[in-house]
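All remarks here apply to the structure that follows.
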Ligand SMILES: NC(=O)C1=CN([C@@H]2O[C@H](COP(=O)(O)OP(=O)(O)OC[C@H]3O[C@@H](n4cnc5c(N)ncnc54)[C@H](OP(=O)(O)O)[C@@H]3O)[C@@H](O)[C@H]2O)C=CC1
Ligand SMILES: O=C(O)[C@@H]1CCC=N1
């Protein structure tokens, strides 16, 4: 339904880099009309015009959505292009890390409905997860529209407070990169144990894919699924003794990783 409304009224995408592309590809594949999309980007990729998307064209009069997908550091340069849509019916949806709602209200007016969200790149294949929260001007139907749009490319959670988004960024916004690195490390470790590089990578990718799908679909908690792999005094137990070491294992490492990303999100918000 959201994609129908957006196809009718239009969507402006400010910044079409890695994350903007992931979302847009997800929406186009799920039925968003390419001609309803206006991309504003200084170096747009060729596929956009080829797909029928309007590129660096005039703003539509009353688009349903103005999506902000530029780097936090580019906001000052980029936001004026959307000025004309402020304080109107257009719902602004930001995906930018570390950019508070207050900054958008300052740019576009406090009557502007704004949703701040944090998606992740698996949205490109409909497997993203996005957390979102609206400002005071965002009415129930605005939040529903944002949620439906984001739900077209994965799952959506609504936050209670804006400051939760820093930790969300540290966990799920940045999280795909941690998992990709896990794949890299698993493959490299396989190579170190004598496997050919292609085989090690194939095994690592398939293992993460399969374990992720199993965890997502199972009624059991991940700890139970882990136990199911672990035979007493077997190979997994030997491996986990290293990975679950209290001081040097994965838990403290991941805790520090998420803490650093969360701290960086807060830092970005303070300029
Ligand atoms: N990548 C990710 O996994 C995620 C990113 N985000 C957020 O999404 C936003 C975009 O990140 P990401 O896609 O990775 O970054 P990218 O650099 O890949 O994309 C940003 C795009 O904006 C363009 N741009 C720069 N200046 C302007 C301008 N004045 N007007 C319009 N477009 C402009 C850039 O063009 P050029 O390259 O030519 O400068 C680029 O194409 C960030 O705020 C980030 O925090 C959120 C969740 C996940
Ligand atoms: O690295 C970043 O700052 C962005 C936000 C979450 C993922 N990428």
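Just so it is clear, glycine is given a Cβ too, placed from its N, Cα and C backbone atoms.
According to TrEMBL, the feature domain 'Pyrroline-5-carboxylate reductase catalytic N-terminal' maps to 12-98.
As annotated by TrEMBL, NADP(+) binding site applies to 14, 15, 16, 17, 18, 19, 69, 70, 71, 72. Reduced to three states, the DSSP call for residue 18 (NADP(+) binding site) is helix. All protein chains shown were included, and the count of other CB atoms within 10 Å of the CB of residue 18 (NADP(+) binding site) stands at 10.
Taking all protein chains in view, 13 other C-beta atoms sit within 10 angstroms of the C-beta of residue 56 (NADPH binding site). According to TrEMBL, the NADPH binding site annotation covers 56.
Among the features that TrEMBL reports, domain 'Pyrroline-5-carboxylate reductase dimerisation' is placed at 162-268. Across the domain 'Pyrroline-5-carboxylate reductase dimerisation' (162-268), DSSP assigns 85 helix, 0 strand, 22 coil.
Residue 56 (NADPH binding site) and residue 71 (NADP(+) binding site) are 18 Å apart (CA-CA, integer value). Model confidence over the domain 'Pyrroline-5-carboxylate reductase catalytic N-terminal' (12-98) stands at 96, taken as the mean pLDDT rounded to a whole number. The residues of the domain 'Pyrroline-5-carboxylate reductase catalytic N-terminal' (12-98), classed with DSSP into helix (H, G, I), strand (E, B) and coil, number 34 helix, 17 strand, 36 coil. Looking at the residues that bind NADP(+) per the record, 14, 15, 16, 17, 18, 19, 69, 70, 71, 72, the two CA atoms farthest apart are separated by 14 Å. Same-chain residues at least 6 positions away in sequence with a Cβ under 8 Å from that of residue 14 (NADP(+) binding site) are, in sequence order, 40, 41, 66, 67, 68, 69, 70, 78, 79, 81, 82.
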